[in-house]
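*Asks:* Below are the features listed in TrEMBL for this protein:
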type: COMPBIAS; residues: 10-23; note: compositional bias 'Basic residues'
type: DOMAIN; residues: 23-79; note: domain 'L27'
type: DOMAIN; residues: 138-179; note: domain 'PDZ'
type: DOMAIN; residues: 186-256; note: domain 'SH3'
type: DOMAIN; residues: 347-536; note: domain 'Guanylate kinase-like'
type: COILED; residues: 490-541; note: coiled coil
Amino acid sequence: AEKKDGGSLPKKKKQKKKKKPQKNKSVSHVLTLVLQELSLLCKRDVNGVGMLYDLLRSRWLQALLKIYECLQHYLGKRPAPVTLQARALNREVIELLREAPQSGEIKELRRLLHSPHLKASPAQGKEKFAHGALCRLLYAGDKLVEVNGVPVEGLEPEQVINILALSQGTIMFKLIPVSDRPVSNQTTLYVRAMADYWPLQDPAIPCADAGLPFKKGEILQIVDQNDALWWQARKVSDLSACAGLIPSNHLLKRKQREFWWSQPFQPHLCLKSSMLFVLCILEEEEFGEFGQRVFIAGFRRSMRLCRRKARLNQQSCSSRCPSSCCSTLAAPYEEVVRYQRHPTDRHRLIILVGPAGVGVNELRRRLITSNPREFQSAIPHTTRVQKSYEMNGREYHYVSKETFENMVYSHRMLEYGEYKGYLYGTSIDAVRAVLEAGKICVIDLEPQGIQIARTYELKPYIIFIKPPSIGCMRQTRKNARIITDYYVNMKFKEEDLQEMEESAKKMEAQFGQFFDQVIVNDNLQEASAQLLSAVHRAQDEPQWVPAIWICSDTQP
Ligand SMILES: Nc1ncnc2c1ncn2[C@@H]1O[C@H](COP(=O)(O)OP(=O)(O)OP(=O)(O)O)[C@@H](O)[C@H]1O
């Protein structure tokens with residue numbers, strides 16, 4: 001500044017400049033001062049000063065101080081310059097340590113300093129530089145064009161590293177990616193995220209801006225999984241976007257566990273079998289189609305509002321587990337593949353899930369009545385006595401309690417419960433029978449049953465029926481009727497709507513990763529049309545399914 005202006009700086013600034021070095025005395029500077037004082041004391045032959053003087057002058061202590069100072073300096077820098085300066089320090093410390101006492105620690109330190117990672121030179125080539133780059137988003141072969149707007153084409157790696165080392169805050173790279181970026185294991189891996197991830201809330205991510213946020217249920221394309229902790233991925237919904245960092249399977253699982261353990265202890269009812277519900281069975285219904293009486297087998301009214309009674313008595317899993325037991329115990333990513341049902345294959349099972357009263361049964365009923373030759377429900381099993389006008393295998397499969405319990409123990413029930421001392425349930429066999437008849441089986445299920453139904457044989461397509469806003473429900477549900485613990489055909493009360501909204505949120509938070517499709521049931525006709533097209537899409541168009549379903553196809 002003095003040269004440019006051709007004069008001196010104003011007085012005030014000069015004074016300030018003088019004071020600064022006083023404030024920032026380094027440890028080595030203090031040590032030099034102490035040594036000067038000690039050397040004076042040595043001349044006066046003060047007891048023990050000679051030994052202290054020698055100790056403080058030893059080169060290995062100076063080496064340690066140097067390391068300390070450098071690290072202090074680096075700590076204040078973002079990003080930390082661990083390149084040229086670090087190597088220079090490395091060489092200096094190796095030199096200083098030659099004179100240090102031969103203790104085990106010093107030997108270990110020497111060994112570390114000689115390790116190839118620390119001794120690597122940028123002259124070893126651009127490839128090394130690209131590999132060790134900040135965010136693991138650069139590949140060997142990428143052509144670096146600009147760093148923070150500074151053209152770097154044709155510069156030596158050392159020069160580029162210098163620019164990087166002097167950079168503060170965010171570093172912007174402009175590069176031409178190598179045309180054949182390596183993809184792990186030759187084939188690209190696709191996964192369904194089974195948990196949410198927010199890089200900006202993760203203090204452990206090497207570069208938060210390079211992180212890829214995702215929500216459970218989203219399909220990710222993993223482009224690199226060479227690193228044990230951080231993978232690179234893109235969302236299939238936006239494959240043109242840059243890949244971002246995501247925690248590896250192992251790391252995300254560890255994070256989930258740590259989060260789970262950090263929560264205050266609460267009993268986890270969901271770990272117990274939650275498949276036994278208090279049911280409220282209403283008699284079967286008949287539906288007419290074009291004046292024709294059509295009996296729709298297995299079409300009992302939902303008992304889910306009665307299940308609400310059970311929920312009130314013993315709080316549900318989602319209200320107790322802060323992070324949900326399922327997601328804590330399960331793998332954070334599920335490998336998926338694109339699957340399209342062959343026209344001659346059996347249909348995929350359609351499962352409707354939703355909070356009580358949202359309209360699951362209404363939509364299912366409308367779908368089945370629209371074409372009973374194409375759609376059918378599964379005929380439930382019961383232990384109650386067959387009535388005179390009923391036919392075994394039409395309204396119900398009538399079985400003994402022993403047979404029913406055997407089916408439960410051998411995991412052949414998707415869902416079951418007890419009503420007035422009798423057992424009722426939907427079996428896998430009943431679903432299989434509909435599918436084998438060439439029809440599309442449509443059932444409703446409590447979300448806890450999803451895991452059991454998700455098999456390669458049934459390949460279920462899960463549709464979540466979501467309530468619209470409470471305001472919208474107040475309008476649309478004026479004439480709607482619900483079943484409560486005690487009443488059939490009762491009007492919706494405000495608390496029913498609130499509970500529906502709450503319950504939907506919990507379901508999405510706990511089971512959202514399994515939903516293939518979400519339909520908001522605001523307008524019945526529109527929701528019915530959406531359901532019909534979703535069901536056809538599930539059967540006729542490619543969908544993401546767990547990879548294990550497809551691999552298992554070859555198994556018996
Ligand atoms: N979009 C809608 N607009 C108006 N009324 C609706 C709508 N969807 C459903 N309903 C009505 O709401 C009431 C409850 O629907 P439905 O019985 O299908 O609910 P559900 O989700 O099966 O719950 P439950 O298990 O209690 O039967 C029915 O009277 C139904 O006709």
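First residue shown is number 1, and so on along the chain.
Even glycines carry a Cβ here, placed using N, Cα and C.
TrEMBL does not curate its annotations; it predicts them automatically.
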*Asks:* Would you mind splitting the domain 'PDZ' (138-179) into helix, strand and coil residue counts from DSSP?
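*Replies:* Going through the domain 'PDZ' (138-179) residue by residue, I get 10 helix, 11 strand, 21 coil.
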*Asks:* For a three-state summary based on DSSP, what are the helix, strand and coil counts in the domain 'L27' (23-79)?
*Replies:* 44 helix, 0 strand, 13 coil
*Asks:* If you run through the domain 'SH3' (186-256) with DSSP, how many residues end up as helix, strand and coil?
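*Replies:* Across the domain 'SH3' (186-256), DSSP assigns the residues as follows: 17 helix, 24 strand, 30 coil.
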*Asks:* Quick one: average pLDDT across the domain 'Guanylate kinase-like' (347-536), no decimals.
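*Replies:* Across the domain 'Guanylate kinase-like' (347-536), the average pLDDT comes out at 92.
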